[in-house]
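Quick look at what TrEMBL annotates:
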- 5-184: domain 'Guanylate kinase-like' (DOMAIN)
- ALA12, PRO13, SER14, GLY15, ALA16, GLY17, LYS18, THR19: ATP binding site (BINDING)
Amino acid sequence: MPKDRAIIVLTAPSGAGKTTIAHRVLEERPGLSFSVSATTRDARPDETDGEDYHFLSVDEFEKRINRGDLLEYEQVYDGLYYGTLKSEIAEKSKDGGVLLDIDVKGAVNVKKAFGDDALVLFVAPPSVEELERRLTGRGTETDDAVTTRLARARMELGMQDEFDAVVVNDDLDEAVEETLSYVDRFIQS
Ligand SMILES: Nc1nc2c(ncn2[C@@H]2O[C@H](COP(=O)(O)OP(=O)(O)O)[C@@H](O)[C@H]2O)c(=O)[nH]1
Ligand SMILES: Nc1ncnc2c1ncn2[C@@H]1O[C@H](COP(=O)(O)OP(=O)(O)O)[C@@H](O)[C@H]1O
């Protein structure tokens with residue numbers, strides 16, 4: 001029987017490919033909705049406010065924290081805030097399931113909050129060298145930002161055993177198929 005509430009989390013070091021996989025999963029499973037996080041980082045050229053993120057000022061983000069609007073939040077890089085809005089999860093999790101693309105510490109917190117109602121998949125790069133190539137190739141970060149993300153990635157890769165399953169994103173199509181099979185099994189369980 002399908003679950004009453006389904007929360008699916010893709011987590012990974014920056015550059016491992018979780019956003020790419022998340023977009024593919026949402027195309028393949030239109031019943032799932034995306035949890036649009038709030039952030040204080042600037043939008044990238046290909047991002048849309050309200051679709052990829054809710055882009056907020058620091059002031060506005062801190063007001064939301066104080067109002068208790070956030071399920072979880074982290075200052076992930078350079079003091080930038082990222083967080084999951086409770087309002088994104090409340091309805092979407094019951095209505096076909098919700099997909100979150102969040103950092104590793106946030107994923108641990110979501111698992112603690114939702115237990116068996118949450119499936120947390122860790123997307124791993126095939127190697128740290130390939131992760132660096134992808135981060136550099138994406139061209140959205142300065143060299144300093146790439147260095148910061150790689151340093152954090154080493155810590156995050158050490159946490160992969162804490163999650164429900166690990167998907168190695170080497171061949172993208174295979175990683176998408178594997179993710180879909182975990183998602184389908186979870187939603188039907
Ligand atoms: N804890 C938490 N992390 C988030 C949230 N939204 C995004 N992140 C994470 O913040 C990190 C930086 O995201 P972003 O700037 O989009 O960079 P990218 O992951 O390298 O594309 C990534 O690990 C995201 O998964 C959120 O709502 N909560
Ligand atoms: N399997 C893959 N093989 C090669 N490049 C990939 C693969 N998956 C993603 N990429 C590329 O790697 C970069 C980082 O992917 P992205 O989805 O933005 O990562 P994340 O959201 O985890 O930071 C992007 O340029 C993306 O096109």
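Cβ atoms here come from the backbone N, Cα and C positions, even for glycine.
All TrEMBL annotations are machine predictions without curation.
Where TrEMBL records a feature, it is marked here on the structure.
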residue : record           : Cβ contacts under 8 Å, 6 or more apart
ALA12   : ATP binding site : LYS18, VAL104, PHE122, VAL123, ALA124, PRO125, GLU156, ASN169
PRO13   : ATP binding site : VAL104, PRO125, LEU131, ARG149, ARG152, ALA153, GLU156, LEU157
SER14   : ATP binding site : TYR77, LEU135, ARG149, ARG152, ALA153
GLY15   : ATP binding site : PRO125, LEU131, GLU132, ARG134, LEU135, ARG138, ARG149, ALA153
ALA16   : ATP binding site : VAL123, ALA124, PRO125, LEU131, ARG134, ALA153, ASN169
GLY17   : ATP binding site : VAL123, PRO125, ARG134, ASN169, LEU172, ALA175
THR19   : ATP binding site : ASP101
Query = Averaged over the domain 'Guanylate kinase-like' (5-184), what pLDDT does the prediction give?
reply = 94
Inquiry  = If the criterion is a C-beta within less than 6 angstroms of any ligand 1 atom, which of the binding-site residues ALA12, PRO13, SER14, ALA16, GLY17, THR19 pass it? List them in sequence order.
reply    = SER14, THR19
Request  = Determine which residues of this chain, when ALA12, PRO13, SER14, GLY15, ALA16, GLY17, LYS18, THR19 are set aside, have a Cβ within 8 Å of the centroid of the ATP site's Cβ atoms, and list them as they appear in the sequence.
outcome  = VAL123, PRO125, LEU131, ARG134, ASN169
Ask   = Near ligand 2, which of the binding-site residues PRO13, GLY15, LYS18, THR19 are found, taking a Cβ distance under 6 A to any of its atoms?
value = GLY15, LYS18, THR19
